[in-house]
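Feature annotations, reproduced from Swiss-Prot:
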{"type": "ACT_SITE", "residues": "GLU109", "note": "active site, proton acceptor"}
{"type": "BINDING", "residues": "THR31, GLY32, SER33, THR34, ASP86, GLY87, ALA88, ASP89, LYS100, GLY101, LEU102, GLY103, LYS127", "note": "substrate binding site"}
Amino acid sequence: MSGTDMNVHKRTAAREAADMVKSGMVVGLGTGSTAAYMIERLGERVAEGLEIFGIPTSDDSEDKALKAGIPLTDFSAHRRIDIAIDGADEVQRGSLNLIKGLGGALLREKIVAQAAKRFVVIVDGTKPVDLLGERAPVPVEVISFGWECTAERLAACGARGVKPRTDRAGSLFVTDTGNMILDCHFGPIEKPEELAEKIDRIVGVVEHGMFLNMASEVLVATPDGVEHWEP
């Protein structure tokens, strides 16, 4: 399947997810290329009369939402989100556990997902795996102070490689919340809950990109249509 075909399928799934939104809802707006299609469709529906408020998971999503004409709000006004829609870098078959954060917004994405009554994830057919970590590293957001020490402790958790993320200019990547990201290559992860607990105990770690037991539904874009997966 070509990249163009894949984008067509992702757009179809993203628009289907956007059509789940109803007037009166507060919507978590994901980050990334797939989520961008969802934001585009929500903008069309707002222009047609849909009344919603969005909470974006990144500065980029905020910009896209404003350009699409979607009214925005924040957690000072709404503590709960009716539905959050986002992409993922890996989804584990069966459990629907996820790896997210290769787009650099994992902290805000996880805050929004946790606050959502329903968390819908959109992926293409290359993202499902039997075990998390088969293809994607686990992004770990860390504070910059002492990151070298934090990286050593992540390696001690079993990471085969720990690499600070850089931007296109080769400088250290900085998240919207002012932190760094260390991409940790663990390989296939047999016990993600245990690994998550180990990472959470490391001083300097802000958040990791394993979204465990959080997805309500996953829409998988395939050449034959959109598959709906539930835990």
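Note that Cβ sites are derived from N, Cα and C of the backbone, with glycine treated the same way.
You'll find the Cα of SER33 (substrate binding site) roughly 14 Å from the Cα of GLU109 (active site, proton acceptor). Across the binding-site residues listed here (THR31, SER33), the residue whose Cβ sits among the most other Cβ atoms within 10 Å is THR31. Sorted by the number of other CB atoms within 10 A, the binding-site residues LYS100, LYS127 start with LYS127, the lowest. Sequence-ordered, the extra residues of this chain that approach the substrate site, with Cβ no more than 8 Å from the Cβ center of THR31, GLY32, SER33, THR34, ASP86, GLY87, ALA88, ASP89, LYS100, GLY101, LEU102, GLY103, LYS127, are GLY30, ALA35, GLU109.
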